[in-house]
Structures are given as structure tokens and as C-alpha cells.
Amino acid sequence: MRMQSPNPYEPTLGEHLRSQGISRRGFLKFCGLLASSMALAPAMIPKIAAALEQAKRPSVIWLSFQECTGCTESLTRSHSPSLEGLVFDAISLDYHHTLQAASGDAAEHAREEAMKEHYGKYVLVVDGSIPLDNPGYSTIAGISNLDMLKEAAAGAAAIIAVGTCAAYGGLPKADPNPTGAVSVSDIIKDKPIINVPGCPPIPMVITGVIAHFLTFGLPELDSLGRPKAFYGQSIHDRCYRRPFYERGLFAETFDDEGAKAGWCLYKLGCKGPVTYNACATTKWNDGTSFPIESGHGCIGCSEPNFWDFGGFYKAISIPTGASGKNAVYAAAAGIAAGVAIGAMNKKSKAEAASSHQTVTVEELNQESGS
Amino acid sequence: MSLNDIPVHSASITTGNLRPVLHEIRHAFSELIAHGTHGMIDLHSLPFSPQEYAELDEFLGEGEIDLTLNVLGKTRLRESGYAGIWRVEHFDDNDNRIGYFIEIGHVPEILRSQCDDIKEGLAAMTTILAMEEDNNEDAIT
Ligand code: SF4
Ligand code: SF4
């Protein structure tokens, strides 16, 4: 985002990074890694560098509602010197009640000040869902989450809903949803909202979205409001165990020979085929690995209602292919027929072949019949 | 502890991504010769098995240059056995590899002195020389 500011001395992001001792070579490395993390072609690196160099530091107001602070932890515990840290330092974080030193009235004043000063231009980041049943379930400084969200959203240029709770309701919304939790987009209808789901989201993805917003404005979103650059492919598409899936080689228990040999975890409940997220390539813990690499299936944390998918260890029954590659993967699923999809009834098979995108909880509840 | 220390051994896997990448490198190589285009291929976000990384390494071979830069953590530049094809590996402070590119060009981009740095250098040098000459004149008079 390029912010018009009356202050002629407001440094650009490039200047800010250099004042932090980051050389232009460092900046180039930073932009290269950023492009890589955004799955952009390396040819875009000079464009990213030019745009970031000129971008002004945006004011960011971060509101935390019904959440576990895992999303903030994910971001602040990333490795050092991390790209995440660099991007995070490059913004002007004017309110975040977990991270700021100020508390009580002073903190709330900081929020009000920032909102007034940057009205119409600040970026609003939200983690956590919003309870609609009783406003008293979650308040900040006596203000209900609903009121605070509406007030802060009014002056925001855009909203980033960080984590599955803010994006889709998440854990608080899990059946029976005792607080009447809803997502940001259930309430705010008149602002651009970028959903960055995950439980928690990958830190690189959180900052990548911020960086994208700084350089090229709003990213292209999928039908669930997620940036395609990070959520454009399923875990299954990028999974290194995929060759085993294609050959119909599945671990049946967590300690059988197949598990030891690193075979596909589909029958152990892996939700990779219906989950769109970047962790198969970006990975976790400083790029160490991701759950499937540690021998556990994907639980689908970046999808709406993943807590109610019917059990983390129940195999899904729909061979959902990649968007845009349906034909190829329909054929691939055909190879695996009799193993993975053998028990599928004709109706759901036809549905899967035609939609290949969304799967209902009921469908997920069906056993694979393994 | 790294993943390799965990005593679970994967059966050998190939993702099938190696061949296309090799052809992409060859294509970029010929573009460099024909049009002088600098090419860059991002290996980090491709699903590659450890075997495929090893096969790629073997295919490219080792060249004469192996440089390490200290830029936001280390960056290692290695020319391959093919002049003009470089491996560029970016590491963080804890020596975890966080980026891996193949660059096809005379030198990797990050090695060049940056234009703005060169301009700032000229300005600084001009100022220093002018100051020295001023001082000398002061000393003479
Ligand atoms: S089902 Fe899961 S483990 Fe198997 S290939 Fe797909 S994502 Fe990987
Ligand atoms: S593997 Fe699946 S559940 Fe695990 S972090 Fe990635 S998207 Fe979320």
C-alpha cells in the first residue's frame, strides 16, 4: 500500500530497512526470498524490490478476539533474522494488546489515535472469532468484540483475517459453537478482507500477505477469500508422499511397514487432498518439515469447519484433485481406484469429479471403506 | 537434530520434477547465449525428493568458484561445472537453508555491486577528495 502522507520526511520501507543496517545486497536477498515465498516467478524480484523500496510504512492495528494467541506466537517465534521479522519491523504496529508495552487506557488511546491519524489508510489485522450470542463472552476494555471490530473496520483500507478463527470461526465455532462465534467476513461486508487461515497460519504466509499488500496491493483471492499465491494448491498437490498415493501404497497404521517406509497417509485420515495451504513447501519450524513429513496426516487446519470434519483419523472419501488439473488427477485417481476410492459410491464420485473443490462435512464423514 | 537423524527411512521417491527442471535450465542457458537474458529458477518451492536434489547436484557438477557472502545470514554461490550456471543458496542465522535458486548468467545478481551503492560511493568519494583538497589548501596558506 502506498500511503499519501503530509510528512515529507516519512522514510520509505527501503530507507527504513537500510537504517536498520540492511544493505542493498541484503535487500535483494530479502526480495528473492519473498518472491519465493509468494510463489512468484524470480523474474518478479526486481519489481518487488522497486515497489518495496518506495512503499511507505503502513500503520497496522491488530485486534485479538476469541483466540489462543497462537497466531501471534507463530509470527513472533519465527527464526532470526527472519524475513517475517523484517517485514514485521517494516510496518508501524500501532496497536496489538499482547505485544505493546502500554496497557489499560494508554493502550486504548494508542488505538484511537492511530485510527484517527490514519483514517481510511490503516491495515486492520484481526485474529480470533467474534461471539454474537452474548457480547460479554469476549470484551476488550469493556468494549464488545463486535463493536470494536465494526469501529476499527470503518476506517481501515483493508482487513487481514489472520488464522482460521478470524477467517472462518475456527475452534470457537466448532460444534456446538457455545458462544455463537462468527468470522470477520460474516460481519464486515464493505471492506476488502484477505483471509489468512491456518491453525496457526504459517508465519511466512502472514508476512508474505502483508508484503504483497505493500508491493502490489490486494492479492488475488480464491473463493474462500484466501490469497491464491499461498493457498492456490492443495497439500496433496505439493506432498512429497504423492508418488505413493499414485501407486496405491498406503500406511494402514502409524507403525506398520508402510508407515516406516514413508507411504501415503490417506487411510490414516490425511486431509491433504481437500486442504489448501502452503506448508508442504514453506514448512514449519524454520523450514524443518511439515506434519506429513513427521508421519501424521494433514488435519485440514486452513479450511472452514475443519474441527467438525468428522475425526482427524477418518479417511476422507473424495479424491479431490487440484484446481485446474482435474483431468490429470482424475486419471491419477483412476490408477488408485480400488484402493483409495474403491468404496466410494457412484453419486459422490460424480460429484467429486465435477466439483473437485469443496467437500461437505457429511461427505468427509463417510468412511473410505479401507 | 535434523530430520536425517530420525531413524525412519523413506522408500526411495521420485517426484518426477527433476527432468522438467533440467530442461528449464537448458532452455535458460540457450537464452543467455542468444539474448543475454539472465535466468533464475526457484528450487525451494518445488517438491523435490532428497535423491532428486542429489541427482541435480551430480548433473550440474562443480565449477571453479565457491563463494560465501555474509548478507542477512550466509549466502553461498557456487558455479556449476557449466560456466554460467550457478547455485545460489540462502541461509538464515542458524544456517538453515531458506532459499535455493539456480541462476543462469555471467555472475549471480546478488554478487554485483548495486547501482545505488555505486552512485552513493561516487558521491562519498567526491566529498572526501574535496575535503582533503580543502584541507591541503588550508595547510599551504
Ligand atoms: S493423502 Fe496426504 S500423505 Fe497422501 S499424498 Fe496426499 S497429502 Fe500426502
Ligand atoms: S499439514 Fe494440514 S493441518 Fe497441518 S499445518 Fe499444514 S494445512 Fe494445517
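Our numbering is plain: 1 for the first residue shown, then up by one each step along the chain.
The backbone N, Cα and C atoms fix where each Cβ goes, and this holds for glycine too.
Source: prediction; values computed, not measured.
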TrEMBL [4Fe-4S] cluster 1 site partner of A:C68, A:C71, A:C199, selected from A:C31, A:C165: A:C165
Environment of A:C279, A:C298, A:C301, the listed [3Fe-4S] cluster site - residues of the same chain whose CB lies within 8 A of the CB centroid: A:G198, A:I235, A:K271, A:G272, A:T275, A:N277, A:F290, A:P291, A:I299, A:G300, A:S302
The domain 'NADH:ubiquinone oxidoreductase-like 20kDa subunit' (A:68-212): DSSP-derived helix, strand, coil residue counts: 66 helix, 31 strand, 48 coil
Neighbourhood of A:C239 ([4Fe-4S] cluster 2 binding site), C-beta criterion under 8 angstroms, separation at least six: A:Y245, A:G272, A:A280, A:I292
Cross-chain proximity of binding-site residues to B (CB under 8 Å), evaluated over A:C68, A:H236, A:C239, A:C270: A:C239
Alpha-carbon distance [A:C68 ([4Fe-4S] cluster 1 binding site); A:H236 ([4Fe-4S] cluster 2 binding site)] in Å: 28
Contacting binding-site residues, sequence order - A:C68, A:C165, A:C199, A:C279, A:C301 vs ligand 1, Cβ under 6 Å: none
The one of A:C165, A:C264 whose CB sees the fewest other CB atoms within 10 Å, among these binding-site residues: A:C264
